[in-house]
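Copied over from Swiss-Prot:
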- D329: active site (ACT_SITE)
- N377: active site, proton acceptor (ACT_SITE)
- D329, E515: Mg(2+) binding site (BINDING)
- 330-334, H346, 374-376, W378, R380, R497, 502-504: substrate binding site (BINDING)
Amino acid sequence: MVRDWSACGSLLLVMTVAKDRGGPAVAGSGGGVESPELRAAYEVCEAEARQFAVELWAAAETLPVETRPSLYAIASWSAYTDRIIDEGPLEGREERLAQWSADTLADLRAGHSSHPLRRALVDTVRRWGLAEALIEEHLDSARADCAAVPVFETFKDQRRYLRGCSGALAELWVPLLEPRGPEAFRLMSVLGEACQVADLFEDLPDDLAAGRCYLPRQDLRGLGLDVDDLRRGEREEALNAFVDAQLAHWRGLLEETVLAPSTVGARYQIFVHTLLLGAQMHFDEVTLLRSRVLTQGLESLVTGDGRMSRRAARPGPGPVPGHIAVIADGNRRWAEARGLLADQGHRAGIRAVLRLVNAAQRTGIRHVTVYMFSTENWYRSQGEVAALFGAFADWFARGAQTVHELGVRVRWSGRRDRLEESLASSFELLESMTANNDKLTLTICLDYGGREELAAAARALAAEAVAGTIRPEQIGMAEVARHLYVPEMPDVDLLVRTCEQRISNFLPWHLAYAELVFDPAPWPDFDLARLRDAVDSYAGRERRFGGDAELPAQAGNLEPARNG
């Protein structure tokens with residue numbers, strides 16, 4: 001079947017606007033359409049997109065109001081095409097699809113249509129000067145998929161399907177997004193392919209049961225497998241290797257598409273970041289499941305009403321750290337290696353933080369602390385500091401509702417007197433909104449320095465001593481901890497630093513007995529597989545906490561004995 005690639009879903013809502021969106025965005029309110037019939041057609045498209053392509057509908061809410069109706073028109077037409085293939089009696093499906101295709105192309109030639117979905121599509125194509133050949137390419141792919149069971153010998157063959165099914169549609173959108181050159185068209189097409197791979201895995205059990213396999217047969221034969229082995233799910237080692245091969249293909253697409261946000265206008269980059277993050281989150285989920293995905297498929301990361309779904313943890317067999325802290329280093333190097341400006345690296349770094357939150361929840365980690373901006377980072381150029389805080393502001397504006405729906409409690413560790421007032425207020429509002437959440441605690445270290453934190457605690461204790469509320473001999477570790485930025489923060493079990501091998505003035509109080517893992521990858525490349533490797537390394541270590549006993553790594557519930 002042809003699938004609506006927007007249903008790759010995952011975290012398409014991660015950076016969408018807050019829930020108080022206001023009324024519907026219909027062409028005419030921002031698009032200059034005066035015809036009542038055409039306005040009504042666009043309203044039908046939005047309703048259809050909201051019902052049958054909810055993830056894409058929600059992501060479109062990040063777009064300027066004049067752009068959304070056109071995206072709804074394309075999404076609703078594509079979803080309707082998909083439903084012709086998937087719904088209704090088997091007999092006559094090819095004929096119904098052929099008629100719908102012929103009517104669509106005839107309407108495009110005529111410049112008008114009596115069908116509301118096609119009427120809006122025709123107007124969108126003419127309004128933006130979209131390439132009708134891409135619509136024909138998509139319809140050709142749909143007809144081929146409807147006519148015969150798919151057999152893709154190689155990944156190259158599979159990519160031709162991915163291109164026709166989803167890449168062509170993604171490329172069709174590009175003129176809506178203020179493209180910055182021809183590369184935008186190619187990269188958006190690849191992003192469409194990457195999202196479609198996610199959708200293949202989501203529907204895999206149902207497709208296999210129906211005798212349809214969209215994965216390369218060459219990879220199967222190379223491991224001594226056939227399609228029946230995928231359905232049975234019994235040869236775990238070989239099946240894991242097969243899924244790993246698919247992940248390798250997919251990773252190549254994702255690595256290419258990380259450049260896509262930089263190729264569209266600034267107002268549209270959040271939309272592309274959202275789509276890319278959705279594909280990355282699904283990639284991480286398949287990494288977690290491996291061969292289990294063949295029989296279980298992928299859980300949707302959003303519910304039917306567009307809210308984030310809270311999925312159960314799937315910890316590995318070994319101990320899991322209760323608290324992981326991350327020095328997220330390498331955004332600038334990541335960007336430079338790809339010919340991008342530093343601000344694109346920082347926005348990719350924000351994506352990686354959201355990706356980490358999802359991965360930590362799935363692996364059973366309860367506390368995550370991320371070093372985002374140090375007291376020393378103020379010495380960077382004004383332009384880079386502004387870019388960093390612009391990325392933070394986007395995160396607060398787009399991600400607050402999502403992390404709240406995931407049950408994440410967000411806290412701020414750092415100085416609160418030097419940030420721009422609106423940014424500080426946004427962070428404090430997010431803290432308040434998520435204060436009662438208990439699925440995971442995410443602490444963001446912003447304008448944080450470890451020595452400054454300890455000095456501030458010392459100043460507060462000195463003031464208490466001068467006021468006579470505490471005597472110097474009464475000051476112990478508990479009293480110091482009471483005056484840290486986040487007094488209730490537990491000790492760190494595992495510290496991960498990307499790119500470099502330094503602690504960089506990070507959490508000196510909490511790192512006293514932490515295990516350290518240094519990952520050479522730049523922060524935007526940190527995914528679930530790298531987190532799993534770090535956790536596996538942690539699980540294999542003996543933690544003594546300064547004593548003689550050989551204690552295994554614990555899940556954050558062991559209070560080490562310290563000399564007072």
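Just so you know, glycine gets a Cβ as well, placed from its N, Cα and C.
Shown here: features listed in Swiss-Prot, placed on the structure.
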residue : record                       : Cβ within 10 Å
D329    : active site                  : 20
G330    : substrate binding site       : 25
R332    : substrate binding site       : 21
S374    : substrate binding site       : 20
E376    : substrate binding site       : 11
N377    : active site, proton acceptor : 16
R380    : substrate binding site       : 15
R502    : substrate binding site       : 11
S504    : substrate binding site       : 13
E515    : Mg(2+) binding site          : 21
Return one of helix, strand or coil for E515 (Mg(2+) binding site), based on DSSP.
strand
Under 8 Å Cβ-Cβ from W334 (substrate binding site), six or more apart in the same chain: what's there?
G345, A348, G349, P522, W523, P524, D525
Rounded to a whole angstrom, what is the C-alpha distance between R332 (substrate binding site) and the residue listed as 'active site, proton acceptor'?
13
